[in-house]
Structure formats: C-alpha cells, structure tokens
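Q: Please see the structure below; I have some questions.
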Amino acid sequence: ASTKGPSVFPLAPSSKSTSGGTAALGCLVKDYFPEPVTVSWNSGALTSGVHTFPAVLQSSGLYSLSSVVTVPSSSLGTQTYICNVNHKPSNTKVDKKVEPKSCDKTHTCPPCPAPELLGGPSVFLFPPKPKDTLMISRTPEVTCVVVDVSHEDPEVKFNWYVDGVEVHNAKTKPREEQYNSTYRVVSVLTVLHQDWLNGKEYKCKVSNKALPAPIEKTISKAKGQPREPQVYTLPPSRDELTKNQVSLTCLVKGFYPSDIAVEWESNGQPENNYKTTPPVLDSDGSFFLYSKLTVDKSRWQQGNVFSCSVMHEALHNHYTQKSLSLSPELQLEESCAEAQDGELDGLWTTITIFITLFLLSVCYSATVTFFKVKWIFSSVVDLKQTIIPDYRNMIGQGA
C-alpha cells in the first residue's frame, strides 16, 4: 500500500451518560499507512488517564488505532479536550475536539447553539501543565490553538491579555498544513508562576479575514480555597507476592483544585512504569486519585526505596514525598507467611502419611483376623465331627 494519511473521528458519550464521577473520551484514527502514528491530548498537556491502544492491521492493508482519555465529568462543561494526531510518513497532523453530544434523538432538546462560524477557524485555549506552574525551574505556558485556517485567508493575528491588560511577549509558531488542506496556527504565552496561581485571567483574541468578528477565549485557574493533599503509600498485597511483578500504590486525597502532578522515583532515579488515575471529585468537593507503580518483585524484596512525589499548590514548597520499602516488619510478616505455608504443607504431608498407614494397619488387622477366625472355625468343625461318633459308641456300650 502507498503512503496514506489517517481519518480521525472523535468518540464521545452523550451528556446524559456522563453523570458519574468520570467520563471516557475517545479518538479513532483510521485507514493510514504506514506505521507509526502518534496521538496526544491537548497538545501533550493532558497525560493522566490516557491510554492509546496498539495499531491493528485491517484486511485493506491499512492501519487503525484508538486512544481513550478518562476525565472528571465535572470538567466537561468547563475544559476543552483535543485529540492531536500526527502521521509523519504522510506529513499529516489533525486536531479534533472531543465533547459530549448535547442532543439525544430519544429526548426533546432545545436548539443547539450555532457555531462561531460554520466551516471557519476554531480556537482552543489550554492551561499550563500543573508541574510547570509548581516548579520554579520550569516555564508555564498558556497555549492558544487555531485550526481550520484556509489557504485563501492564512494570516492569523493573536492578541493576548492578562486581567484585561494587553501583553506582547507571546510567540506565534509557524503555521502547519493539515491533511484537509487547512492550516493549524499556535501561539504560546509564557506566564509567571504566581500570576497563574493567584488566579489571573488570560485571554487570547484571534483575528482572521474568514471570521466576521474576532474570537476571544479566556482561561484561569479554578477558583476556590486550595486544600492540601494527603498522601498515603501502600505496599504490595500478600497475594500479589506470588507473582513476578508487584504493585506499589500511592493514594492522594483531599486536594483542591484538581491541578496536580504525581511521579515515582527510586534511589534518586525516576521510575516510568506507573499509571495515575485522573483526579476524581469526592463528596466533600475535594479531589482524590491513585497512582500505581509496577516493579519486579526481586527489586522490592531487595529493600529498594520507592518514593511517590506529589506537587500541588497547597503543599509547603508545592512538594511532598512519601517513601515505601520492604521494612523489617513487612519482611518478618512475609517470612512468617511463608513459614506458615511451609508448616501447613508439612502438616498436610504428615496427616496424609498417618492416614495411609492407619488404613494399611486396619486392612492388615482385618485380614489377619479373618484368617484366624476361619482357621478356628474349621478346627472346631473338624473336632466336632470326631467327638460325636465316639459319644454315640459310648452310649451303645452302656446299653
């Protein structure tokens, strides 16, 4: 098959089915060749809760794959989720907005609002990554993305405002041509850590000849009193210790807002084989999440120290760390468990041998008794047959 760019389809639940704690948004990447294709969410800003499935070769000789991200249901009305697809062999880049369907065929819905301009450019505004806003050594950025810019009107103008005051330090990247003969244009505004954490509002204003009026998008940190996360580490389950790999768990709860970063390390080196759930809204208005690190059982049993690092604005210095290792108490417990298992195995072996010997003894005794009784019975019968004639002779002589 010749080189072919993918078709991208957003996969989203209806708004009626997202009433639970989380919602799954998906992206189907179909009919491309050759491998590979890369899928990210919100231009890489969203990594938690993302799972991209392996590509599947279809009978047509073309590949397909899907990517799913799990997000809090409460965020669907306030945050934008974009599936970014990049197929380098065909020089194809596609951005698809994924959002719940607002109308349902089986229900009467009010008229859906008209888009800003049917077939014209669309604008999306993304917040900085939580880790970037919490570490002074990193640079937080607010990103404004314009898609579906036509060849006829390729020029896009960006104006940025912080709390209503225009700023001029944003950088606009070269426009990128998409598979559908449109352009994608990105402007990035570097922000101050404290400005973002203090709740300043950022506005991106986009002007283009294809638009009847400029499009404005605003974004800021979630409002509300920050709440400090509580961090707990959990060792592997005893049942899991029979396997070659074990799971170390980090529970982070009671935090607000949901912007948080969780990482793992061991002996000062980062650990990459971990998965972190998206923040889940709890009944008290705070959020919680779980992070699971998978390691070889041998590393755990050797006493290596594993640390769960959490970054959140409500923490002192925005950072805390909880460590976990095979402590003497846990080691003793595991040893006792193994010893108990060994003792039980030995006990069952002893019981089995005892029962076997007992049954053999009973069978032997029964057999011996049977032959003894048979011999005695035969002797008595023979003796009786010998005595009876003599007794009759004696009676005859007496008469």
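Any Cβ shown, glycine's included, is placed from N, Cα and C.
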Q: Of C27, C109, C112, which cysteine does Swiss-Prot list as the disulfide partner of C83?
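A: That record, Swiss-Prot, gives the partner as C27.
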Q: Pick from C144, C204, C250: which cysteine does Swiss-Prot list as forming a disulfide with C308?
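A: So the cysteine paired with C308 in Swiss-Prot is C250.
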Q: From the disulfide entries in Swiss-Prot, identify which of C204, C336, C363 pairs with C144.
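A: According to the record, the bonded cysteine is C204.
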Q: Which numbers of helix, strand and coil residues does DSSP report for the region 'CH1' (1-98)?
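A: Summed by class, the stretch gives 12 helix, 51 strand, 35 coil.
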Q: Please state whether DSSP places N180 (N-linked glycosylation site) in a helix, a strand or coil.
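A: N180 (N-linked glycosylation site) sits in coil per DSSP, no helix or strand.
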